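Undergrad: Straight from TrEMBL, here's the annotation block:
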| type | residues | note |
| --- | --- | --- |
| TRANSMEM | 48-70 | transmembrane segment |
| DOMAIN | 50-207 | domain 'SSD' |
| TRANSMEM | 82-108 | transmembrane segment |
| TRANSMEM | 114-133 | transmembrane segment |
| TRANSMEM | 153-173 | transmembrane segment |
| TRANSMEM | 185-207 | transmembrane segment |
| TRANSMEM | 261-282 | transmembrane segment |
| TRANSMEM | 466-485 | transmembrane segment |
| TRANSMEM | 492-513 | transmembrane segment |
| TRANSMEM | 519-539 | transmembrane segment |
| TRANSMEM | 560-581 | transmembrane segment |
| TRANSMEM | 593-616 | transmembrane segment |
Amino acid sequence: KLQETAEIVGDALESALKEYLAMNEQSLIKTAMFSFSMLKNEMNKNTLYTFPFISLTLLLLVTFTIFSCMTGDWVTSKPLEALMGVLSSSFAIISASGFMFLIGIPFISQVTVMPFLALAIGVDDTYVMLGAWQDTRRTLPPSKRMALSLQEAGSAITVTSITSMLSFGIGSFSTTPATSIFCRFIAMAIIFDWFYQVTFFAGVMALGGKREAVGNHCIFVWKKMPKEIVEKSKQTTVSSITHVLFADHIAPFLCHKITRIILIGIYGLYIFGAFYGCSLLRPNLMPSRLLVDDSPLTHYLRLAETKIWSQGMMGRVYVNNAPDFTTDPNQVNIMLQLAEDLENTTYSLGKNSTQFWLREYLHYRQFFVSNDENFYDILESFLNTSFNSHWNAYLSWAEHPTKPGKRYVNRFFFTTAFKIEDWKVRTALLLQWRNITSHYAKYEALVFDENNFYSDQMLELQSTTLSSLGAAILVMIIVCILFIADFSIVLWVIFAMISMDIGIAGYLALWGADLDPTTVVNILMSIGLCIDFATHVGYRIYRSKCRNPDERIRDALGAVGWPVVQGGTSTFLAIIVMILVPSNVVRMFARTSILVVLTGLFHGVILLPVIIRTFASYPNSEKNLQ
């Protein structure tokens, strides 16, 4: 007795067919297989191909983080603290993944890039924390320096964590499953990262502060440094080279009038290119773009997308609440009209492509003395004929609800063919199908095609993207207003954030991206990452006690300029290895992250200070400053 399910039988048939075709690879006929189970398995290869690169990412991040946290002496440098910062981010990744799996959220291929993003975001917070520590006076006791560091950096990373978490949190409500699941994972990773930063890493910093206060070596922590080196370390400034570079060279250069005019002109070119790219962004979902480069399905899907579907495809028309043809003879004409309506659509191949049992049956029935009451009796005779028996698969029989002992057809389907040129046509056709079947609502008619799932996503992509972006930006505005109580600075921070998102979407389109679930995830991701660059600089300008406009920019860039550049560089290093993954999905994530870093550094370190210096108001009295 067979106990096998259809899925098991299908898998066995698929495996046997693969083996047979593999044995005949030398044939002059080139073959290609496709099934949705094969598509799912091939999409999972994105994960298998990406995970091995995490070790390279960790190596690059650890190396850069350690060397960038060296200050020039063996007392104030923070290599071990930097290493613990990377470890803290790793804890966040493990905790977030474990929690999501615990509550039943499935793993999908897009989540593969979550560790890379979480590492980048977490290490950014580490730089801000260490930068705030180095910004305090070294003659203060460790407890006081720790309090000042958390006062400055704790609030800064809280702002960016809230904005990033809310940005991805909004994306988690997307109707596109891939977008929703990815955003849930990364939002949870950000929450855990913030928690570990203000607990675990803050504790590491406190221990490092005590080590620094007693003058022990930054690596060999048990080794006491000579007294003269300890005294010298207490007299040196925070991070002399980077602080001097940003405060004494970059800030005055950006504040110069001619520099500001030139940079605003460059920004005009940037935003023009961004809007042009956005105008090219069109919904398009090609399954071949979801696969790894060496997938055996790529050959078939590209043929299907360019050749096969354009020649015609079969749509199955299901009538799930079939009428009783014995009670109302007009129901036959209504069902025939349904078929004709579908055959008259723009992309239909016409009546000759339709396989409809009712038409064949009506030809057969005309040779009998018939009335409405014996409609189903003659139909059974029709189906028992050998050359008509194949129509049995198109019909579902049930006991008649009002005529005991009688059966009737309660459900049926028929097929008709359509010509599909591309996915845009497929989506337009789906809308036509649904418009037609809506006129036959009481029959619960629908047109089914295996690829309707993708078309449904394309229909929702634009509205989902715009609503998610709008909600995310609104949340960013609210959070910025709560933490930055200066309207002019809030205005320009929000302006920079929107400008970055427009730029990333536009230049992604110019880089070959279409509007698909991967691009939507990328754009939502860019909101969460971009806000860090603008918020850190804007928040520091807001907290500056300087009244002179040039001095405020100088003070802010001297304090957070290097940590922001560190964060951008670490994000770049965390993501750049993904360019090597032979997968279009993963490469598109990498391209997005590269654009995030470039536009983020341009807006955060260069454009935002220039705009605030040029257009924002400044406190001109101690009362206003307070």
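Counting starts with 1 at the first residue shown.
Glycine too: its Cβ is placed from the backbone N, Cα and C atoms.
Tell me about the surroundings of these features in the structure.
TA: Listed as Cβ neighbours of the transmembrane segment (48-70) (distance under 8 Å, sequence separation of 6 or more from its ends, same chain) are residues 77-79, 81-83, 85-86, 90, 112-113, 115-116, 119, 123, 126-127, 130, 292, 566, 569-570, 573-574, 576-578, 580-583, 586.
Residues 47, 58, 61-62, 65-66, 68-69, 114-115, 118-119, 121-123, 125-127, 129-130, 177-178, 181-182, 184-185, 188-193, 195-197, 200-201, 204 of the same chain sit 6 or more residues outside the transmembrane segment (82-108) yet have a Cβ under 8 Å from a Cβ within it.
Under 8 Å from some Cβ of the transmembrane segment (261-282) lie the Cβ atoms of residues 254, 424, 499, 502-503, 505-510, 513-515, 519, 602, 606-607, 610-611, 614, all in the same chain and six or more residues away from its ends.
Long-range contacts of the transmembrane segment (492-513) within the same chain, counting only residues at least 6 positions beyond its ends with a Cβ under 8 Å from a Cβ of the stretch, are 267, 270-271, 273-278, 280-281, 469, 473, 476-477, 480, 484, 519, 522-523, 526-527, 530-531, 533-535, 538, 588, 591-592, 595-596, 599-600, 603-604, 607-608, 611-612, 615-616.
Here the transmembrane segment (593-616) has Cβ contacts under 8 Å with residues 116-117, 120, 250-251, 254-255, 259-260, 263-264, 267, 270, 486, 488-489, 491-493, 495-496, 499-500, 503-504, 507-508, 511, 525-526, 529-530, 532-534, 536-538, 541, 549-550, 553, 556-557, 561, 564-565, 568-569, 571-572, 574-576, 578 of the same chain, all six or more residues outside its ends.
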Undergrad: Pairs 6 or more apart in sequence, C-beta under 8 angstroms, 3 or more of them: is that satisfied by the transmembrane segment (185-207) and the transmembrane segment (114-133)?
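TA: They do touch: at least three Cβ pairs between the two stretches lie under 8 Å.
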Undergrad: Residues sitting near the transmembrane segment (466-485): Cβ under 8 Å, six or more positions beyond its termini, same chain?
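TA: Distal contacts: 155, 158-159, 162-163, 166-167, 170-171, 173-174, 179, 493-494, 497-498, 501, 520, 523-524, 527, 531, 535, 538-539, 542.
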Undergrad: Of the stretches 153-173, 519-539, 560-581, which racks up the most C-beta pairs under 8 Å with the transmembrane segment (114-133)?
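TA: Per the Cβ under 8 Å count, 560-581.
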Undergrad: Which residues of the same chain, at least 6 past either end of the transmembrane segment (519-539), have a Cβ under 8 Å from a Cβ in it?
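TA: Same-chain contacts beyond the ends: 110, 117, 120-121, 124, 128, 155-156, 159-160, 163-165, 167-168, 170-171, 174, 176, 178-179, 182-183, 186, 190, 281, 461, 464-465, 468-469, 472-473, 476, 480, 483-484, 489-490, 492-493, 496-497, 500-501, 504-505, 508, 513, 556-557, 560-561, 563-564, 567-568, 571, 588-589, 592-593, 595-596, 599-601, 603-605, 608-609, 612.
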Undergrad: Roughly where does the domain 'SSD' (50-207) sit in mean pLDDT, to the nearest integer?
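TA: A mean pLDDT of 86 is what the predicted model shows over the domain 'SSD' (50-207).
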